[in-house]
Every structure is written in C-alpha cells, then in structure tokens.
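As recorded in Swiss-Prot:
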BINDING   G160, D161, G162, R214, M215, I216, K217, E218, G305, G306, S307, T308, M309, Y310  ATP binding site
Amino acid sequence: MDSQGKKVVVCDNGTGFVKCGYAGSNFPEHIFPALVGRPVIRSTAKVGNIEIKDLMVGDEASELRSMLEVNYPMENGIVRNWDDMKHLWDYTFGPEKLNIDTRDCKILLTEPPMNPTKNREKIVEVMFETYQFSGVYVAIQAVLTLYAQGLLTGVVVDSGDGVTHICPVYEGFSLPHLTRRLDIAGRDITRYLIKLLLLRGYAFNHSADFETVRMIKEKLCYVGYNIEQEQKLALETTVLVESYTLPDGRVIKVGGERFEAPEALFQPHLINVEGVGVAELLFNTIQAADIDTRAEFYKHIVLSGGSTMYPGLPSRLERELKQLYLERVLKGDVEKLSKFKIRIEDPPRRKHMVFLGGAVLADIMKDKDNFWMTRQEYQEKGTRVLEKLGVTVR
C-alpha cells in the first residue's frame, strides 16, 4: 500500500500466463493461463465441481479445454482481441483472483519491447475508463528483468510462451533500435513436440492435448550441448528414453524428442521459420551495439521467461556465442579467445522475473506522484498522458 492506503497492483500479462500480485511481494499472488473459452455445445451444466458457463476464463477454462473453443487474447505479446482481454482482466481483478476495488488502486502493467503505441494507448484507456484505476504505469519487460537481477545495464534474453526478445538495456533505458524479436517461444516448441510425438506414433490432438504435451515438455525437454553427439545417443542407445505417464494412465516413451523440440530455438528452420536462431541473434545484437558497450553486454546476459528454463540452455548459448565470436570477430585466432569474457546469468526464479522486477519498481515508486499517470491527468489529456512515460504520442 502507498501512504494514502491505496493498494499497488502489479500485473504481468504474458501471452500464455497472467502473473499478478502486489508491489513489494516476492512472488505473484496468482498465476493462471491467459485464455478465454466458450463451450462448443451446451450439454451438461457441470463437470466434476466446475459449472460450465457461457464464458470460462483462466484455470477453469484450462481444465475444461477439451469441451471449449479456446482463445488466447494475446498473441506474440500483443493484444489481438480486446473483448476477451477485458474478460481476462475482469477475472484478474474480480473475486476469483485479486478481489480488489480497482478505483482505489494503482497498477503497474508490463509490455514487450517494440510494442505498438496503439496497443499501449488502448491498455491505458481500458485501465482508466473501464476499471478507473487511480494511477497507471506501463513498464518494459526487459527493464524489469534487469531490476529484479539488480542491474541497470545488460542484455535480456526473454523467452516466454508467445515471443522471444533480445533486448539490450543501458543505464535503465531499453534500446529499441537494437532490440530483436524472434517469433519462436514456448507455444511453438510445444506444437513442435506434438508433431515429433505424432511421428513416433502417439496420437495427440493439437488442441485437446496441448496442455498435456506442455507438461511433458516442461518435465523432460532439454537443450543439447553438442547436437551431433545427442543425435548419436538417440539413434544408437536408449539412454535418453524416459517414460511419462499421461493423465489417463497410459505410459509413453520419449527419446530424442527431448532435445529435438527445444532445438527449434537455435535452428528456426526446423519449424519453417526463416531467420537465425536465438544464439546468433544475441550475438548480432551485441555486435550491433556501440563498441564501448559490447564488453559490458557480454558480461551481463540475463535469461528471463519460462522458455529459458530448459536444462543445458545457458551452456549451449555460451558455447555458440564463443564459437561465433571466434569465427567472426577473432577470425579464428584461438589465442585471443581467453580474453573474451562472457557471463550468462540464469536466476532460478527467472520464470517470474518480470513480475518480480515490477513488484520491486512499484514498491520503490508507490509514493512518487510524478511516476504514475493519474486518472485526473487522463481525464485532462486522454492518451497524451503517455508522454509521461517518455512516449511520443502522435
């Protein structure tokens, strides 16, 4: 709470999950899937102890997803369906979750780097007009990640459910001209894993079994350090084979798919996406930065988001960066490689890093009136109020 007794809410709206809670807390109060579902047919009124309503949101929608037509209001970090997004926010602020009177609260929201201004304007409009928050702030996710890590300068590799961003931040300011995005993230890896399991002969349905396969992915997938070696092991031995019990009791065996699915992050052509993978993109981003800042960036690479949680990802990233640096900068001169310092930080709680950074920032700023856009300012200026964030509004 701030000095006037107003609650300060932090809401990190991801493509796949909403993480929400209060300023100063060190963990989100609620984490739930960012989905909205509508029943395909109205046959039963209840399943187990969940009542089927015309509109199901979050956890309930996730549990009954096989009976619903499911929509994700956000795609690749950007809101695509505003009506459904409002349902999601109603659920977040309503009795099911935070249970707050929005008129007496301030809210800190997060957005991906390179977010279209229109998207941000609309978010602010909804927050003030529909929910009547007393103050609103919109922070860039990569900057929050660095705050949570206690840094002001670094490169954030943020890979969530819908989009992967590589975002250099210098002295607390994100550098949009250097920010790169890769439209491969958790959801695409899950889809690819479904495809690989289908090739193995297991019948998975792309929508009904999506959650099941996501769980398999989270439990068993990893990033291979040396891909040729992993493929050899997969072909010639059974050391990689793990059993997994599905919710209905069937047991499946998963082998080479464990590293083949996340490999798409490093080799996008595997899932028919053009462009370079995450390691090369990171290398290109740092090399495009000012020569004086490059060394700082190489020493402060911070991973963030659920799709960076694969075992083996940090070491593979480091290996590829060193390889690229050796080939392209040192032109193969191995002697000089020992001077090349690189550090990849993989904090254990990186799944919720953006929320944690937001909770820290909102707590520090809760009583600083010139930080927040206020309802009064919005009534006077409309969306021009965003100029307070240092955003030019045409």
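The backbone N, Cα and C atoms fix where each Cβ goes, and this holds for glycine too.
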For M215 (ATP binding site), the same-chain residues 6+ apart in sequence with C-beta under 8 angstroms from its C-beta are none
Reduce the DSSP letter at S307 (ATP binding site) to three states and note it down. helix
Between the two most separated Cα atoms in G160, D161, G162, R214, M215, I216, K217, E218, G305, G306, S307, T308, M309, Y310, the residues recorded as binding ATP, what distance in Å do you get? 18
Here are some binding-site residues: G160, S307, M309. Which one has the most Cβ atoms within 10 Å of its Cβ? S307
Of all the binding-site residues given, G162, G305, which residue's CB has the most CB neighbours within 10 A? G305
